[in-house]
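For reference, the structure is listed below as structure tokens.
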């Protein structure tokens, strides 16, 4: 593929590997081709991971390195995304840059629609997208940052985090020209067939239709590959093998387009983007009544895949009616007989589709297409449908009717019987009612149907038919209350008021603290020059390591046969537990975990051994040939219910209580019991687990280049595994392409395995997990079952609450015991409940071990608490915000349930300011009015507070390792030329810690930041570091850097007094001459924190970060789709060291939380196999998911004496505020349920996916679906937790 060719052969590493399947956009490049017929150049974005190099004859490929760099000239796209603070970890940035660059090459003055479409195929896990879009919006003459609709007319833009006047102008004349030699080659050289032979495959590229037909006749089973969006992933992920592949991309007849009065005929090789552009033009050109089919197609094409996929894919994957496929020998209709099975059609093996004819609509013909997908854009549909009707002229009697569905069978399904039952009848309510009944009989799904969501899919077949009916009513001016669900909210026109506070009064203009400084690596990340772990050049003799994992959830290992693997050319060795010279296990929270399975496996994905070979392909081939003999063990445990039944727990369990809960229940007016389930969440850091281990030195030292959050723990783990001192192992972390808690424990274990391979072979070994491997092996956020029993009064006062938390920990303890502790420490959130009890348990199951994730149990803990508050409000029939803020919130200096005193003043300020900034009162009335006026769309609002503890107690960490005890160190060198080198123990993961450390050093040394360089995190420079976690990295390392700089500045005091008119450089030179040390170590011992679980009291946190968030959503009750209309966040982050970095963390955490609570689902098979192993199955938020109006405010006048410069940790707290969208959805669902005559508390589990939301709305269509009897079938997927 082009990606590996760019990275490995050409060493152009700016193009990143993110998923390998075209789903994330990290590998986006621009492909340019000369069109001899029109003498124009076509530019389009594409995924390099899917582009075969042998298909690029005559094309020019532009990578991020080709458009600009820091050595010559940075391109305006690179500069603007960087200066708009759109690059945090930076791993996705080159792909974003190339998508936008390609758009500008085609349209130098884009509008907002163009920008959002261009970015639709790119994913980012850090930023929340807003700053990326803001940077791109500066290219639109109709937009400036801060505007709120498509025309971007706004009189006074709000304060900005970057200066739009200080940007490079876009000058198209400076862009790379298309190579003239390629133009000459296209016009002068005759086209000849090409044939490429690989080790196991032959690739043939014909140039004529005759040759193509001959090839297909000779090799009827050979697939035709145009965009490689289907065959490519099948080969990579499913192990498909084709000895011969035919690529007809140079057969001109396949790309011809012919327009006639009857319709349009386009070559079968035309990309979906070409088809879309062509149809958009036709819709404008021909009379509206003739465009029904075209408009329906455009509805589907707009959301099908990302822009990069549409640019190359040629397969028609939307349902259309009466489209003709034209062959040299015959013409067939795309009808019910065309599709005969999954991925199969009625085409003969040796037939070739030449062209596709799409007719214009006939007089009186009405057609619509609908789709429902787990994400609004760039996602495979759950159900898709095309419907067409024609009436007898002058009547409502149906003459013709066609209804097709996708997603309810192995192929497209025609509702033939339903259509037959309707034809000849008047189109009225009775006919529709009969049609629904017929559809239920005709479209039947097994309860175990692949893909699951059976009730949802069946309900969609009905509700989408109802929508089709509403569309016709709309055309005939039907009731506005019923047709409102047909109106689409505008796509991403967000006005974002990110207000930064001014710096401290009297602060020097040279002092960077408190100013929105750009991320120090943003430019190099945008140009592709920033080096990540897998960008390190290959070492001499380097080997690649591929892990072999268990295929059984619980079994004894009888034998590991590596003989066939060792016979694969290039395979050097297979590493098993027997090869480990030191400790064969890691101990975390007092519980051992095998590095490699020795006698037993306890989950699918359990690491058993590893294959090392000369390259990754060979290692992968060898890994597939390792044969492991198992003896299955009875009764694997997958769910928390099974764990409870079998008492399968990790000990200790935890309990904490304030007051007397049992007695209090006897004195309340009401008692209510409820529960909520919260699913897991994949970290989906853009850079997968990566490391390079290099043996060096005569004493067998190891240099480990690794993408991790805790290099010291990796160093210790490797040393103990190899049985050598830690001083022989140095771990280096330049930057991490996202982590979120997922690069600590499992990263260290994988590093141990890689180090054993390097130790045994004496050669450098590289291990970079593929996305599917990473998701299978490394675990996720803990799924939790939360149960509550709450006692409350008629006025809403909560007197007693008893909460139980059951966390699905997986097969090893990992950090689960720490997670369940933090769950209990945050169960009160912002509420003073006088009698409060919490119990938590870590359930041991046979799923991959779950681990730390941003928030570390708090998002699970508080969701249960807020759901309890919500139930109280619904039980009393009052507003949830009243129960939260006015009645139960902490009001004065108080003690938490673990007897830690705090002042909630800023919590209350955040709450009040959030309600004020969001205009909560009037908007709540507007929501109620909207819901009265709309039957099938409902709006909901929710305001959620947070009180989040920052740091962690020594007791908390001492359960893990003494080396974790909270502290920090730094090393600062001043060189004779005045430049400063800073090294500290924090790792840069996109959170901007290096940028903030540079600001700290600049302030303390009174020098420009340009003189300061932050070097890589290196255990040889700063030993015994703590993990970059718990939102405490800046607090701890900032104080250490400050300490070192203060020492140095004090040492220079005599020199400054001797020469007060001197410069920094002269002072440094004088100090060197006077033999004053210009190097210093800084140290910070941390806070004295503790938690005594026996006494149930302590001070586990240094301070609290407070905040509040108000979100409003609009829900389509018929499909469960929702859109976040507006979000307002107010955060107390003390005095921000860098507002742009902190606001970026706020927005990124919120969007990640939105994903957790509304869309991200991990799905396991009944045998414990993870289904969701990549972006095609697992959906994280994309550009289309940003709130239409997204406002972030920083609380003014806040101080925090417990952290550096009165700042506060912010990386983790805001994630929970994404639950405001969840509770807003629940509020909207409650309004829908009222229409069905249902009031009071109800269960809505998290995430509130379209499936759960739709079914909870309890529309007449969901009510028609009979529920499958539990226990009578095996579901497609487990219900986790």
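Note that Cβ sites are derived from N, Cα and C of the backbone, with glycine treated the same way.
Note that the structure is a prediction, hence the values are computed from the model and not measured.
The domain '2Fe-2S ferredoxin-type' annotation in TrEMBL covers 1-67.
The [2Fe-2S] cluster 1 binding site feature in TrEMBL is assigned to 19, 24, 27, 49.
Cβ environment of residue 89 ([2Fe-2S] cluster 2 binding site): 125, 126, 685, 686, 687, 735, 736, 737, 738, 989, 990 lie under 8 Å away, each six or more residues apart in the same chain. Taken from TrEMBL, the feature [2Fe-2S] cluster 2 binding site applies to 89, 92, 124, 126.
For 196-363, the entry in TrEMBL reads domain 'FAD-binding PCMH-type'. Across the domain 'FAD-binding PCMH-type' (196-363), the prediction's mean pLDDT works out to 83.
The FAD binding site annotation in TrEMBL covers 224, 225, 226, 227, 228, 229, 230, 231, 371. Its Cβ taken as reference, residue 371 (FAD binding site) is surrounded by 24 other Cβ atoms within 10 Å in the chains shown.
Taken from TrEMBL, the feature Mo-molybdopterin binding site applies to 709, 740, 854, 1030. Counting only same-chain residues at least 6 apart in sequence, those with a Cβ under 8 Å from the Cβ of residue 854 (Mo-molybdopterin binding site) are 740, 741, 1149, 1152, 1211, 1212, 1215.
The Cβ of residue 856 (substrate binding site) lies under 8 Å from the Cβ of 741, 815, 818, 819, 822, 1029, 1030, 1212, each of which sits 6+ residues away along the same chain. Per TrEMBL, substrate binding site is recorded for 856.
Under the heading active site, proton acceptor, TrEMBL lists 1212.
Annotated pair residue 371 (FAD binding site) and residue 709 (Mo-molybdopterin binding site), C-alpha to C-alpha distance, rounded: 41 Å. Report note: the [2Fe-2S] cluster 2 site is defined by 89, 92, 124, 126, and the residues of the same chain whose CB lies within 8 Å of the CB centroid of those residues, excluding them, are 87, 88, 90, 91, 93, 125, 127, 686, 737, 738, 990, 1148. In this view, residue 126 ([2Fe-2S] cluster 2 binding site) is surrounded by 30 other Cβ atoms within 10 Å of its Cβ, with every protein chain counted. For the binding-site residues 92, 124, 224, 226, 228, 709, a Cα-Cα cutoff of 10 angstroms around residue 24 ([2Fe-2S] cluster 1 binding site) retains 92, 124. Non-local neighbourhood of residue 92 ([2Fe-2S] cluster 2 binding site): 16, 18, 24, 25, 26, 122, 123, 124, 125, 126, 686, each in the same chain, at least six residues away, with C-beta under 8 Å from its C-beta. Each residue contributes its Cα atom, and for residue 230 (FAD binding site) and residue 49 ([2Fe-2S] cluster 1 binding site) those atoms are 13 Å apart. Spanning the residues 709, 740, 854, 1030 that the record associates with binding Mo-molybdopterin, the maximal Cα-Cα distance equals 12 Å. Per Cα geometry, 228 is the residue among the binding-site residues 224, 228, 709 nearest to residue 19 ([2Fe-2S] cluster 1 binding site). Within the set of binding-site residues (27, 224, 709, 1030), the lowest number of other Cβ atoms found within 10 Å of a Cβ is recorded at 224. Using the Cβ center of 709, 740, 854, 1030 for Mo-molybdopterin, the list of other same-chain residues with Cβ within 8 Å runs, in sequence order, 739, 741, 742, 852, 853, 856, 989, 1028, 1029, 1211, 1212.
Take the binding-site residues 19, 24, 226: by the count of other Cβ atoms within 10 Å of each Cβ, the lowest one is 226. Cβ neighbour counts within 10 Å, taken over all protein chains shown, single out 228 as the most crowded of the binding-site residues 228, 230.
A sphere of 10 angstroms centred on the C-beta of residue 1212 (active site, proton acceptor) encloses 25 other C-beta atoms.
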